[in-house]
Amino acid sequence: MSFLRFIIAIFFLVSIFGGSNAHYKLSPTFYDCTCPNVIDIVRGVMEKIQRRDVRAGAKIIRLHFHDCFVNGCDGSILLDNASGIVSEKDANPNVGAGGFDIVDEIKTALENECPSVVSCADILALASEIGVVLAGGPSWQVPLGRRDSLTANRSGANSDIPSPTETLAVMIPQFTRKGLDLTDLVALSGAHTFGRARCRTFNQRLFNFSGSGRPDPTIDPNYLKTLQRLCPQGGNGGTFANLDKSTPDEFDNYYFTNLKNHQGLLQTDQELFSTSGSGTIAIVANYANNQHKFFDDFVCSMIKLGNISPLTGTNGEIRKDCKRIN
């Protein structure tokens, strides 16, 4: 090799792997050499947990979404309170969130096979895909190569993660600021086709909506009675209700059929179909009639979500324990 070609080769390698991470891209093959069994290991743990907890997939995908909406997909949501770290777990949108034990179990299995190789941020992304598949949803190749943050952002979690009581006018800019469009908003909301929500996240719709002294008028009357019995005034706000009343543990398009029937559980769900003049209405109707289209768009939106500002290259670290920095 000539000296000139040698210099060019060195410059090329430095531009990719050196001080800047600008050229780095996530890839489904990232761990092919360093942890070739990563997918099988994560799937094995998820399958085992799914047998004892049907909500496993829904818990993990919620953590992944909440993680990516705060400083990008960097595993910051998993950090406990520590010196210099104010945990996002205590932010209002994350209070009562489950799935942290699932991440820990997956991480332990990976550390036994590939110590200090697979990031916690990648665990969230990969386990989300596997959880969707185990519930009957679509599969996709998950881009990998994220690294873990060295800090958390509780204030960001409180401001950036959509509340279940938001209007569509508030949600749309929350998504667009992350590079996600109207289709992504509706498709990702479709993850509420499985899982549960506590009464306190929607009981404001049942009796005194927006201070009116009356229930939310967009709720189907029969569905309203069912929810009022489950979540009476002054009752236990921690009681769980199915996000999808039709097929609560399956990943399908019935969530969107429910919205057309005014049977969305959360205000943020029903807003997608009941906000007059919104472009989301046609998307909901399309998904309700075409599960294949929903699955295709959901996969694209999940990949976009997972690409929000990841730490790569030499930024961040690979945590040995997802709850704390090394």
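Here the Cβ of each residue, glycine as well, is placed from N, Cα and C on the backbone.
Bear in mind that TrEMBL entries carry predicted annotations, made automatically and left uncurated.
Taken from TrEMBL as is:
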{"type": "ACT_SITE", "residues": "His66", "note": "active site, proton acceptor"}
{"type": "BINDING", "residues": "Asp67, Val70, Gly72, Asp74, Ser76, Glu88", "note": "Ca(2+) 1 binding site"}
{"type": "BINDING", "residues": "Pro162", "note": "substrate binding site"}
{"type": "BINDING", "residues": "His192", "note": "heme b binding site"}
{"type": "BINDING", "residues": "Thr193, Asp244, Thr247, Asp252", "note": "Ca(2+) 2 binding site"}
{"type": "DISULFID", "residues": "Cys35-Cys114", "note": "disulfide bond"}
{"type": "DISULFID", "residues": "Cys68-Cys73", "note": "disulfide bond"}
{"type": "DISULFID", "residues": "Cys120-Cys322", "note": "disulfide bond"}
{"type": "DISULFID", "residues": "Cys199-Cys231", "note": "disulfide bond"}
{"type": "DOMAIN", "residues": "25-326", "note": "domain 'Plant heme peroxidase family profile'"}
{"type": "SIGNAL", "residues": "1-22", "note": "signal peptide"}
{"type": "SITE", "residues": "Arg62", "note": "site 'Transition state stabilizer'"}
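Taking the features listed in TrEMBL, we show where each one sits on the structure.
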| residue | record | Cβ neighbours (10 Å) |
| --- | --- | --- |
| Cys35 | disulfide bond | 18 |
| Arg62 | site 'Transition state stabilizer' | 22 |
| His66 | active site, proton acceptor | 22 |
| Cys68 | disulfide bond | 29 |
| Val70 | Ca(2+) 1 binding site | 28 |
| His192 | heme b binding site | 25 |
| Asp244 | Ca(2+) 2 binding site | 27 |
| Thr247 | Ca(2+) 2 binding site | 18 |
| Asp252 | Ca(2+) 2 binding site | 19 |
| Cys322 | disulfide bond | 22 |
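Within 10 Å of Cys322 (disulfide bond), as judged by C-alpha distances, the recorded positions found are Ser76; the full candidate list was His66, Val70, Ser76, Thr193, Thr247. Of the binding-site residues Asp74, Glu88, Asp74 has the largest number of other Cβ atoms within 10 Å of its own Cβ. Rounded to the nearest whole angstrom, the C-alpha distance between Cys114 (disulfide bond) and Asp74 (Ca(2+) 1 binding site) is 20. The number of other CB atoms found within 10 A of the CB of Cys120 (disulfide bond), across every protein chain shown, is 29. Using the Cβ center of Asp67, Val70, Gly72, Asp74, Ser76, Glu88 for Ca(2+) 1, the list of other same-chain residues with Cβ within 8 Å runs, in sequence order, His66, Cys68, Phe69, Asn71, Cys73, Gly75, Ile77, Ser149, Ala152, Asn153, Gly156, Ala157. Within 10 Å (C-alpha to C-alpha) of Cys73 (disulfide bond) lie the following recorded positions from Asp67, Pro162, His192, Cys231, Asp244: Asp67.
Comparing Cα positions, Asp67 (Ca(2+) 1 binding site) lies closest to Cys120 out of the recorded positions Cys35, Cys120, Cys199, Asp244. Surrounding the centroid of the Cβ atoms of Thr193, Asp244, Thr247, Asp252, where the record places Ca(2+) 2, the chain contributes additional residues within 8 Å, namely Phe194, Ser246, Pro248, Glu250, Phe251, Asn253, Tyr254, Tyr255. Listed in sequence order, the residues of the same chain lying 6 or more apart from Cys231 (disulfide bond) and placing their CB within less than 8 Å of its CB are Cys199, Phe202, Asn203, Leu206, Gly237, Thr239, Ala241. Taking the C-alpha positions, the distance from Cys120 (disulfide bond) to Gly72 (Ca(2+) 1 binding site) comes to 13 Å.
Listed in sequence order, the binding-site residues from Pro162, His192, Thr193, Asp244, Thr247 having a Cα within 10 Å of the Cα of the residue listed as 'active site, proton acceptor' are Pro162. If you compare Cα positions, Cys35 (disulfide bond) sits closest to Ser76 out of the recorded positions Arg62, Ser76, His192, Thr193, Asp252. Per-residue confidence over the domain 'Plant heme peroxidase family profile' (25-326) averages out at a pLDDT of 97.
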